[in-house]
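Engineer: OK, TrEMBL features for this one:
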ACT_SITE  D42  active site
ACT_SITE  N90  active site, proton acceptor
BINDING   D42, E229  Mg(2+) binding site
BINDING   43-47, R55, H59, 87-89, W91, R93, R210, 216-218  substrate binding site
Amino acid sequence: MARTGRGALSGCVWGEQGLGTGNTTDPKRRPRPAEHVAIIMDGNGRWATSRGWPRLVGHRRGAERVREIVRACPDLGIRWLTIYAFSTENWKRSTEEVLGLMAIFARYIEREADRLSVEGVRLRFIGDRTRLDPKLQKMMAGIEARTAHGGRLNLTVAINYGGRDEIARTMRAIARDVAAGLLAPEAVDEALISARLDTGDLPDPDLVIRTSGETRTSNFLPWQAAYAEYEFTPTLWPDFSAQDLALIMGAYGNRERRFGGVAGE
Ligand code: IPE
Ligand code: IPE
Ligand code: MG
């Protein structure tokens, strides 16, 4: 969990555990498990259309997958799970698909609130919520408050999220504070920017997974994932299982994370 702006500190932490120790059998020298995993859940539409079904059927199946993956996280050592549900670019889709997706989010919140709360999952949202239906915004705030005590897993759902939009919103807010004399320009450093992003309370992701075979990041966490490992899998999101996640987590354990340093030093 390297935090932007604290590179040297995280380098020390990793150094203690041994950098550049891929495939080693010495547990002390193995990389730590990925505590923060971020997922670009892609392929719902293709999953449905390849079966001759409407795209929304794929989105519904995708939401069911979220339930299974969330439940699998604690046993895999994942403490933070951040999932991309709707991008600032996804408004380009048909009204039917956009409204259908919004209805799926509302139903997910309604149905999962009790379970998440009992299972110790803290749910947060990132993205610009001001453009969402006020009723949905209220539901989002409600479940955030209701699950705020959860300490077993931090689940963050990105809705109307775009990394560039997030950075622009953050920079506008910082510029306002500088103009008002509340903040000195010299105080604007990496740590301050990190803290003021939507993800201010979250560590940076260790690992970003994208399903469906696409090898792009589509505006997901560009600042936060600057040093993340990436895994691209051809599996479509509605087919992505807890076992697939376990395999990726196992492979991650063999990666070298150098953070600009030199292996073995
Ligand atoms: C991901 O699946 C879900 C969202 C972007 C909301 P897609 O809907 O992008 O599925 P494909 O990529 O068209 O198959
Ligand atoms: C990225 O998937 C957004 C989400 C998973 C929510 P898209 O399917 O929208 O991305 P592009 O258009 O293929 O880049
Ligand atoms: Mg897609």
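Cβ atoms are placed via backbone N, Cα and C, with glycine included.
Remember, it's a predicted structure, so these values are computed and weren't measured experimentally.
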Engineer: So which of the recorded positions D42, G43, T88, R210, T217, E229 sit close to ligand 1, that is, with a CB under 6 Å from an atom of it?
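Structural biologist: Close enough to ligand 1 are D42, G43.
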Engineer: Including all protein chains displayed, how many Cβ atoms other than that of D42 (active site) lie within 10 Å of its Cβ?
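Structural biologist: For D42 (active site), the count of other Cβ atoms within 10 Å is 21.
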Engineer: Any idea what the Cα distance is from E229 (Mg(2+) binding site) over to R210 (substrate binding site), rounded to a whole Å?
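Structural biologist: If we compare the Cα positions of E229 (Mg(2+) binding site) and R210 (substrate binding site), the gap is 11 Å.
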Engineer: Tell me the Cα distance separating the residue listed as 'active site, proton acceptor' from W47 (substrate binding site), rounded to the nearest angstrom.
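Structural biologist: Here the two Cα atoms are 18 Å apart.
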Engineer: Return the members of D42, T88, N90, W91, R210 (the recorded positions) with CB less than 6 angstroms from at least one atom of ligand 3, or none.
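Structural biologist: The qualifying recorded positions are D42.
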Engineer: What recorded positions among G45, W47, N90, R210, T217 have a C-beta sitting less than 6 Å from any atom of ligand 2?
Structural biologist: N90
Engineer: C-alpha of T88 (substrate binding site) to C-alpha of the residue listed as 'active site': distance in Å?
Structural biologist: 15
Engineer: In Å, rounded, how far does the Cα of H59 (substrate binding site) sit from the Cα of the residue listed as 'active site'?
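Structural biologist: If we compare the Cα positions of H59 (substrate binding site) and the residue listed as 'active site', the gap is 10 Å.
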Engineer: Determine the minimum-neighbour residue: among W47, W91, listed as binding-site residues, which Cβ has the fewest other Cβ atoms within 10 angstroms?
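Structural biologist: Result for the binding-site residues W47, W91: minimum number of other Cβ atoms within 10 Å at W91.
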